[in-house]
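Copied from Swiss-Prot, the annotated features are:
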- 57-316: topological domain 'Extracellular' (TOPO_DOM)
- Asn72: N-linked glycosylation site (CARBOHYD)
- 99-120: repeat 'LRR 1' (REPEAT)
- Asn179: N-linked glycosylation site (CARBOHYD)
- Asn248: N-linked glycosylation site (CARBOHYD)
- 251-311: region 'Disordered' (REGION)
- Asn253: N-linked glycosylation site (CARBOHYD)
- 254-268: compositional bias 'Low complexity' (COMPBIAS)
- 269-284: compositional bias 'Pro residues' (COMPBIAS)
- 298-309: compositional bias 'Low complexity' (COMPBIAS)
- Asn310: N-linked glycosylation site (CARBOHYD)
- 355-440: region 'Disordered' (REGION)
- 381-407: compositional bias 'Basic and acidic residues' (COMPBIAS)
- 426-440: compositional bias 'Pro residues' (COMPBIAS)
- 485-763: domain 'Protein kinase' (DOMAIN)
Amino acid sequence: MAAKRSIYCLLLLPLLLSLLIWIPSISLAATNPDDVAAINGLFAALGAPVLPGWIASGGDPCGEAWQGIICNVSDIISITVNAANLQGELGDNLAKFTSIRGIDFSNNRIGGSIPSTLPVTLQHFFLSANQFTGSIPESLGTLSFLNDMSLNDNLLSGELPDVFQNLVGLINLDISSNNISGTLPPSMENLLTLTTLRVQNNQLSGTLDVLQGLPLQDLNIENNLFSGPIPDKLLSIPKFLHEGNPFNATMINSTSTAPSLSPSLSPTKPAPTRPFSGVPPPPNERNRGKVADGPSDSEGSSSENSKGKNSSHTKKIILIAFAGVLVFIILVLAILLLLPKCARRREHANRVFKPHQVGADRGSRENALENGTPVLPPPGRSEKVQREPFKKAGEEPKVLHDLERLRRPAPISRQESQDIDFSMLMPPPPPPPPPPPPPPLDEKVTVMPIISPERPVKKTSPKRLPLTSVKHYSIASLQQYTESFAQENLIGSGMLGSVYRARLPNGKLFAVKKLDKRASEQQQDHEFIELVNNIDMIRHSNIVELVGYCAEHDQRLLVYEYCSNGTLQDGLHSDDEFKKKLSWNTRVSMALGAARALEYLHEVCEPPIIHRNFKSANVLLDDDLSVLVSDCGLAPLISSGSVSQLSGQLLAAYGYGAPEFDSGIYTWQSDVYSFGVVMLELLTGRMSYDRDRSRGEQFLVRWAIPQLHDIDALGKMVDPSLNGQYPAKSLSHFADIISRCVQSEPEFRPLMSEVVQDLLDMIRRERHGSGDSTAD
């Protein structure tokens, strides 16, 4: 009996072990059932499109890696299915997602209305370029975490709901190219982080007063029905487009001396030198011609108007008559002066006339225009003329003056003038056409600088800019290396575009940055090549190296070396196991590497280069955890101002922006501030902005500054994953450097060379001194 039991135990043991191994794997892979139900309903509402992995019932979106799905453990946090020719509708299941943060169905053909209930956890909501109808739902007001929303290029109608009071974190809003009417709701004044607002091509009306207290940097209200004066604060917005509204006509008239106004507009006092103040002029100033206490009956006013019209008509007749008399007198005087000269020339022509010389004057003119092409001066003189700079706008260059001089006939002798005087008897020949502009000269081509305003001007043809070490890749080859930019190769995205992992046939890995069209659309091809050239000149051991580029079929891509350990942001905030590798000494070394990169950009490069987008997501880590800073030299794309729904991602983690950034000011001191924020992340292990924390701890800098010089509080701020393994003195020195970098006044922030020296001194002191504890 005992033998049988032992046999049963031996048989059951492998089965139990298999179950123990299998059950945890099932629990780890299984997607949240609520999310599964939500995505099944979404799939059915879309008409069951062909999307890899997606099914109408059940399934495991996270474990099976459905296309466009990003998960955090078992929760779906993002759905991105862009330009997939989707149809159908969104249905009523979106609100069932428990933790979703991003939804992007842009550039499809989805119709129906936007769901009346939306997931309250949404941060990014993109439905642009579809066929949605109906109005914007009032449930929008429940999205208190919303950062970016784009509903542009749809068929939406109705009025904007007055539900913006809770959307205090909204940074970008685009509802352009719809049929939305009504006025801007009063609750929009609560959008205190809104930097981009696009409402062009709608039927919106009313005034813009509700927007004047917002930190807008990009505002487009073109082709609406807005009226009234534009508030002064809006006129100072760096990118403000407002054509195609009734108040534009008022603005034009207000700066003109024309006596009448458009009948469809309320009369406004002409003020040629006075800008709009945002407040309408007082009633007694609106029509200076009116008498304030004059008769109010219609007869009195009509008689007054008729008198004014009669007097005005009489004045016009007198002016016209006077002008006619004056012109007649001038013509008579001119005829009297010219008659004697014509008579003398007629006598000369009758005495000596040589028919073969009639065209002498014309021939001399044609010498300067052979076959319609201007003849340039001799080579010796041409060199001097070509290098003559334009003195100021509107002034012709010296070469045009020389061409004009060549176009005129050369002086001729008295006898020659007698020979050709017969031409005066005939109508004067029409003047020769003005010479076309000189042919393009390589030395006159000016390519605008793109790294900073002081970069030396390239004097080469924009059609062919030589590249020394940067390889050109075709779009076809990059599609092959990235598997057609597959979702599984997406390793990051930002305001300038998305980054994909590319594997070459030899197995080597690269990172391909596919620039968003809205980030580079204002650059011509030759300007992009110039950008590539300038980035190629940035060479430093702590800066990601550019190895190639692509500019084909309206696509712009940059190919960089690949960093296997991802970004510092991911290492600190997304991977707890990886975070344990980041000892105190490693973090100090990372800060030093990033500081050296910025020191090189600010103080070694000539002219200096401002990064403008420094954050932990742009600090990459290689195999040895050495720091490589990315996106160096791309500031011209950031400042181009053509980034719409992606433009706010620079500020999505709002804590990186220096205080002066709200005023549109960005200098090297702003980079120093952002570097200080990254040092704070290294110190505390916290994100620069964390909405999930309590209100007083959401902004890292605001929370940390009061504690940096408090020894007791400083110890509590340190990242718990360090387990107390850090020298107390080193910690204090590290905090001092941070405090100087994040000063609110730019002039009090240190040079990056000073930061590098301070970090080196801190490391030397630690090596030669005795710390309170030893770092790993």
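Every residue, even glycine, has its Cβ placed from backbone N, Cα and C.
Distance noted between the C-alpha atoms of Asn179 (N-linked glycosylation site) and Asn72 (N-linked glycosylation site) is 38 Å. Cβ neighbour count for Asn72 (N-linked glycosylation site): 12 (other Cβ atoms within 10 Å of its Cβ, all protein chains included). Listed by sequence, the residues of this chain that lie at least six past the ends of the repeat 'LRR 1' (99-120) yet keep a Cβ under 8 A from its Cβ atoms are 32, 35, 46, 70, 72, 75-92, 126-140, 142-145, 150-151, 156.
Here the repeat 'LRR 1' (99-120) is broken down by DSSP into helix, strand and coil counts: 0 helix, 4 strand, 18 coil. The number of other Cβ atoms within 10 Å of the Cβ belonging to Asn179 (N-linked glycosylation site), over all protein chains shown, comes to 13.
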